[in-house]
Amino acid sequence: MSLSFCGNNISSYNINDGVLQNSCFVDALNLVPHVFLLFITFPILFIGWGSQSSKVQIHHNTWLHFPGHNLRWILTFALLFVHVCEIAEGIVSDSRRESRHLHLFMPAVMGFVATTTSIVYYHNIETSNFPKLLLALFLYWVMAFITKTIKLVKYCQSGLDISNLRFCITGMMVILNGLLMAVEINVIRVRRYVFFMNPQKVKPPEDLQDLGVRFLQPFVNLLSKATYWWMNTLIISAHKKPIDLKAIGKLPIAMRAVTNYVCLKDAYEEQKKKVADHPNRTPSIWLAMYRAFGRPILLSSTFRYLADLLGFAGPLCISGIVQRVNETQNGTNNTTGISETLSSKEFLENAYVLAVLLFLALILQRTFLQASYYVTIETGINLRGALLAMIYNKILRLSTSNLSMGEMTLGQINNLVAIETNQLMWFLFLCPNLWAMPVQIIMGVILLYNLLGSSALVGAAVIVLLAPIQYFIATKLAEAQKSTLDYSTERLKKTNEILKGIKLLKLYAWEHIFCKSVEETRMKELSSLKTFALYTSLSIFMNAAIPIAAVLATFVTHAYASGNNLKPAEAFASLSLFHILVTPLFLLSTVVRFAVKAIISVQKLNEFLLSDEIGDDSWRTGESSLPFESCKKHTGVQPKTINRKQPGRYHLDSYEQSTRRLRPAETEDIAIKVTNGYFSWGSGLATLSNIDIRIPTGQLTMIVGQVGCGKSSLLLAILGEMQTLEGKVHWSNVNESEPSFEATRSRNRYSVAYAAQKPWLLNATVEENITFGSPFNKQRYKAVTDACSLQPDIDLLPFGDQTEIGERGINLSGGQRQRICVARALYQNTNIVFLDDPFSALDIHLSDHLMQEGILKFLQDDKRTLVLVTHKLQYLTHADWIIAMKDGSVLREGTLKDIQTKDVELYEHWKTLMNRQDQELEKDMEADQTTLERKTLRRAMYSREAKAQMEDEDEEEEEEEDEDDNMSTVMRLRTKMPWKTCWRYLTSGGFFLLILMIFSKLLKHSVIVAIDYWLATWTSEYSINNTGKADQTYYVAGFSILCGAGIFLCLVTSLTVEWMGLTAAKNLHHNLLNKIILGPIRFFDTTPLGLILNRFSADTNIIDQHIPPTLESLTRSTLLCLSAIGMISYATPVFLVALLPLGVAFYFIQKYFRVASKDLQELDDSTQLPLLCHFSETAEGLTTIRAFRHETRFKQRMLELTDTNNIAYLFLSAANRWLEVRTDYLGACIVLTASIASISGSSNSGLVGLGLLYALTITNYLNWVVRNLADLEVQMGAVKKVNSFLTMESENYEGTMDPSQVPEHWPQEGEIKIHDLCVRYENNLKPVLKHVKAYIKPGQKVGICGRTGSGKSSLSLAFFRMVDIFDGKIVIDGIDISKLPLHTLRSRLSIILQDPILFSGSIRFNLDPECKCTDDRLWEALEIAQLKNMVKSLPGGLDAVVTEGGENFSVGQRQLFCLARAFVRKSSILIMDEATASIDMATENILQKVVMTAFADRTVVTIAHRVSSIMDAGLVLVFSEGILVECDTVPNLLAHKNGLFSTLVMTNK
């Protein structure tokens, strides 16, 4: 066939009637604009003039947008589509002619190239911000508009109309070119880049100038927005380097919490104004949210409608293609009367055209769907950020009475932050479904009715009737989940108790008892999990079975009720429609549940936002104060001297005025004055009454009184935390005549530092807790830490003052926490300091030091006003002004001299109390609490350092390995799936269930394929042979049997997967618990408690509830994809050729996504905890924050944490969209390839329909394969962590002797022989005891002493084989303990530890958890421990409740309970490991007395905390550095004046 532009007919070149009357010349004329544009733009694009001429340097590869940016892109895409149609029409029309006519499609091809070039050219101009180059585009659109208009006019003259496709295409071209021309004119009008004297200069957005902003979705062009192309760099880079917070940067300004907070707050305030005149109405949060975020939701809904409507293109195109193939197969194609031009109807009846349209429809549908998802997710994140800011702002204004009186608990606030805001965010995600789903369902039913008639309604009815069952199942799932959560909380509580008391449990051989208790709770939890698994299985079953049931009902009804045969086109289009219909009906139950939860969340949020607030704080700025003159007169005090050397011995009779300050008495001013004050905690009843007090400026005011008299309330009333019923709090104006000091010049007169009675710490470093936002001053910081005696404690911390403390950091004692809070108040450069009972948790040494160095020296020398609440009356001699409180009123106010003169009775009462305190002081001087605190901290640090050392060694090994690895190896490790861990998890569920799951899954999907294949054969048979009734019955029967089998297998597979997951969870937890409980004590010393507990909480929860559904979804989507590929390949083997490149593309997409997704999920998780903790710690320290006036700083911190969490979540969502767009486009390519291969190669219309149906299915499941794969990889991390603990070596519980060989009453005498004993904690550690030899007689009382770290406690552990005895032996009553089973050995000895441990339960359970003793024996033990009367007075007696840790008893009582516990065992050997270290002297005396009488005939080994406690011992062992250096009686040891024991005795005197 001859090739020429106008064809090889000479008449085609005839121009006798005019050039414009020749269609070939008109088509040639249309080439001119395209050639012009290519000629102009290609040199610019290749030379790169645009980018070199950039006037603005932008660090991102992004740009500003010219006016009409999005419209231009939309019009350009529309134009490209019309060009494709023009090319297709030209090729089809040309195929109908005898010779080739290039003019029919060549201009369209050039137009397609030119239009593509125009958008690339425009993109580069925007990148360079050089709009003058747009003039070329303007000329192009003008020329294209003119030439297309000429062509349209010619067609009109030729008699063509809209029924002709060519006419329609040309008309569309004219409209689109005209609109694009209008866009260019608008750019000229706005930017004035040409034809105007003053061009409009526009800079790129502010966000793009910020190097920290990496989230570029709002700034990229429309194509990049739709495909998330800008994410490529981040996702690819994740292979080389893990994604961190620096990589994702900051949020754009429009998405930051503060921006959205302002929008929501303004909308909410507007609602409050509307209801201000209606007391019974509350402002609507719903309307406020709609006003603030309604527009993006409407945009998302529009995208969703478009996507849903385009979704119906699939069934319609399948119907058309199968019908065309069927006509070709039957030879019924009508080819007569073909004209040279195509009509629109003929064009749309072409199978290839339908295939391309299906491809484009899928591309558009998925693009709109992902755009809808993204907009709702972004809006939901913005809403959450705004709500968090609103809640936080409200917390900072919350009335103190709301929290203190229980009207608003910390748990409720945490729920608002962690749960309610997320509920509203998720509701917003699902919101467009509420109005999109009904339209989708109605459209689907209408199309089904058009295809199958009334029989379609039967299938729709099946779906509608079964949908409520899904809602019922969802409700039951929620109930089961709540029940599971309750049991899980109980199990974790018990596990936590075990881990905290593991040392005691091992020493008493009670591990199995407590392990059994946890296992019982676990069985209840598993029972609840079984219910959860059952309903989950039913939900999965319904999802899979309902489409099958609907199809079965429809086709059987159609076969018998309709006289027409079922055609392939109808069958497979109907199947596709049923799949579309089922999705919204199932989703409906989820949306309804979230809607109900959202309504409840809004109610809770509204109640919180309308709760009481504290009053205005203008009092802090002096606005409410009286004139200075009216509160200026104040009775001064004479100076007094301070003895900084003496410890805290103060006597009122020797009181003298100090010489600290020299100020005129009559001119001493008042800092704070309260007049006629009545204050309440919100109940309406006055807690403080008739308060008239004055706080002198620059002096020390002490507030004293009995417990509960209102001292702390008075401080809080002054700070504005209480409700003022009557009276005023006045803060004096600034005295301008007052001398200015350098130290006070920068101070705010009304700034306050405050240390609360209950210490409150930030989750931050020690330094940050002390400086509290103030600039760091090294000299001042050192002075403060020295004054508060903090330096020795700081030195014990692993990272010094850079160690993180608080809830998420190192656990400190009460005294250490108290001193840090006082140091915070001292460090602040404020004029006024409030200290609320700062000595309560401190021993006498620290109290004296803090009083002398911190208060009297540091604060008073700095001329600061100090208000001190205290019970330590011995410090009253230092007070400049004293306020005595009683029953919420001021009893007396004045100097100590005033009170001594005017209220002798009160003064004498104070003297009596001081004498009593002095007596207690004598005892406390010996019981050095601080030493104990530091010892405890040192032990904790030792454990952590040991663990850190092990981790550092592991890291060093890994680093050495990494040095040897090249980049490809690192990338391989980052992308490798943890298949070994997966295998361990699957085998944990049992091989039988694993094989059953695999077999049932394969069988189920085989049956589903068989159902569809049977349908293809059935419909193809009818279309070819028009088979009669007998064959119809055969096909219906076969179809019914297969559908029934498919429904049954759906149930079996869902149950099998859930059951296997449940079994795996059960086995993994059981193995973990037993491994941990039987682990060596060294493991618990070197592994943080939180780390172990995390295995039982978060990791177990993932294994229990997250892995099974992920595994089910992954296997289902993978098998569906494989079935689809197999069926398409069977129907059209040519498809296999295209499968390789598509498979390679899919491999790389999932490979890159999994790595990036894992990093982003970890970032999302890691940034969420600090945010929740910040809310929690703010609510706990609200009074302190407000006193310091640091609300703004804390708000800023909250906004930073919110934005950090939001940016991580936003990037994770964008990564998911990136994946789904690519897998959806890949699925569309599969559909296009399968369609073309089916049309050109298949002769069976049924198989063509089947192949296309599966091709459409694959689009839905490709992204689920990758998403589930990524989720499973993250979740398998939990299994890996659990398995890492399962490899730990357990203690050797077996002995060479059988338990039956051990005498029943062993040890009976209590004789102990220690032969050359060498002990170490682990094989790779140095010995802690070296060659110890000793002999202890039966019934002897032995004392063991030595300095810290000498090996005393190690010897006590050696008796119980808690440490490694690698040489020597211990023989008790003739039996070597190394031969005994561990349980037997430990159950026959008794020990009392330093830390008294009680477990939650009853007193009976704590004394005798094995339930072996009678009540009489228990009462006897309590009587011996002098607890009988106290226990009898409790409700329940022996069955009285013991709270967790025994917190409802004092420390002394707890230690006495431990003594009773030891007596219950009736062991002949008792070991006391510093048992009196943490109790007062009185309790110690009781303990010593009881031991001497109750254990008079037993061997008692006492490890001494104080040497005085073993002075009555019959034998003393003295250790130094693990060596027994002295062993003799006390008199003999004291006779050696230079001996270690004598030295210890002298030191402790």
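Placement of Cβ uses the backbone N, Cα and C atoms for every residue, glycine included.
Since this is a predicted model, take the numbers as computed values, not measurements.
With respect to the membrane, Swiss-Prot annotates Leu452 and Arg1267 as residing on opposing sides. Checked against Swiss-Prot, the residues Asn326, Asn735, Asn811, Asn1025 yield a single entry marked N-linked glycosylation site: Asn326. Per Swiss-Prot, the residue annotated N-linked glycosylation site among Asn333, Asn1448 is Asn333. Record check of Asn280, Asn334 in Swiss-Prot: the feature N-linked glycosylation site is attached to Asn334. For the residues Asn330, Asn402, Swiss-Prot attaches the annotation N-linked glycosylation site to Asn330, which does not rule out the feature elsewhere. Record note: of Asn9, Asn966, Swiss-Prot gives the feature N-linked glycosylation site to Asn9, with no matching annotation on the rest.
All protein chains considered, the CB of Gly705 (ATP 1 binding site) has 22 other CB atoms within 10 Å.
Counting only same-chain residues at least 6 apart in sequence, those with a Cβ under 8 Å from the Cβ of Val707 (ATP 1 binding site) are His871.
In the three-state DSSP classification, Lys1352 (ATP 2 binding site) falls within a helix. DSSP assigns Gly708 (ATP 1 binding site) to coil, not to a helix or a strand. Nonlocal intrachain contacts for the transmembrane segment (424-444), taken as residues 6+ away from its ends with a CB within less than 8 angstroms of a stretch CB, comprise 289, 293, 297, 300-301, 304-305, 308-309, 311-312, 372-373, 376-377, 379-381, 383-384, 387, 460, 577, 580-581, 584-585, 587-588, 590-591, 594-595, 597-598, 601-602, 605. Beyond the ends of the transmembrane segment (168-188), by six or more residues, the same chain brings 66-68, 71-72, 75-76, 78-79, 82, 85-86, 89, 131, 134, 137-138, 141-142, 144-145, 148-149, 151-152, 155, 162, 194-195, 344 to within a C-beta distance below 8 angstroms of the stretch. Ranking the binding-site residues Gly1346, Gly1349 by other CB atoms within 10 A of the CB puts Gly1349 at the bottom. In the three-state DSSP classification, Arg1347 (ATP 2 binding site) falls within coil. Remote same-chain residues near the transmembrane segment (456-476) are listed as 444-445, 448-449, 531, 535, 538-539, 542, 546-547, 549-551, 553-554, 557, 574, 578, 581-582, 585-586, 588-590, 592-593 (criterion: CB distance under 8 Å, separation of at least six residues from the stretch ends). This prediction places the mean pLDDT of the domain 'ABC transporter 1' (672-912) at 81. Residues 534, 536-538, 540-541, 544-545, 548-549, 551-552, 555-556, 559-560, 997, 1000-1001, 1003-1004, 1007-1008, 1010-1011, 1014-1015, 1017-1018, 1021, 1112 of the same chain lie 6+ residues outside the transmembrane segment (1035-1055) yet bring a C-beta within less than 8 angstroms of a C-beta in it. Here the transmembrane segment (102-122) has long-range neighbours at 3-6, 23-24, 27-28, 30-31, 33-35, 37-38, 41-42, 44-45, 72-73, 76, 79-80, 83-84, 86-87, 89-91, 93-94, 133-134, 136-137, 140, 144, 223, meaning same-chain residues at least 6 beyond its ends whose C-beta is under 8 angstroms from one of its own.
In this structure, the binding-site residues under consideration are Gly708, Gly710, Gly1351, and the one with the smallest number of other Cβ atoms within 10 Å of its Cβ is Gly708. Apart from Gly705, Gln706, Val707, Gly708, Cys709, Gly710, Lys711, Ser712, the ATP 1 site neighbourhood in this chain, defined by C-beta within 8 angstroms of the site C-beta centre, holds Met885. Listed in chain order, the extra residues whose Cβ falls within 8 Å of the Cβ center of the ATP 2 site residues Gly1346, Arg1347, Thr1348, Gly1349, Ser1350, Gly1351, Lys1352, Ser1353 are Ser1354, Phe1519, Ser1520.
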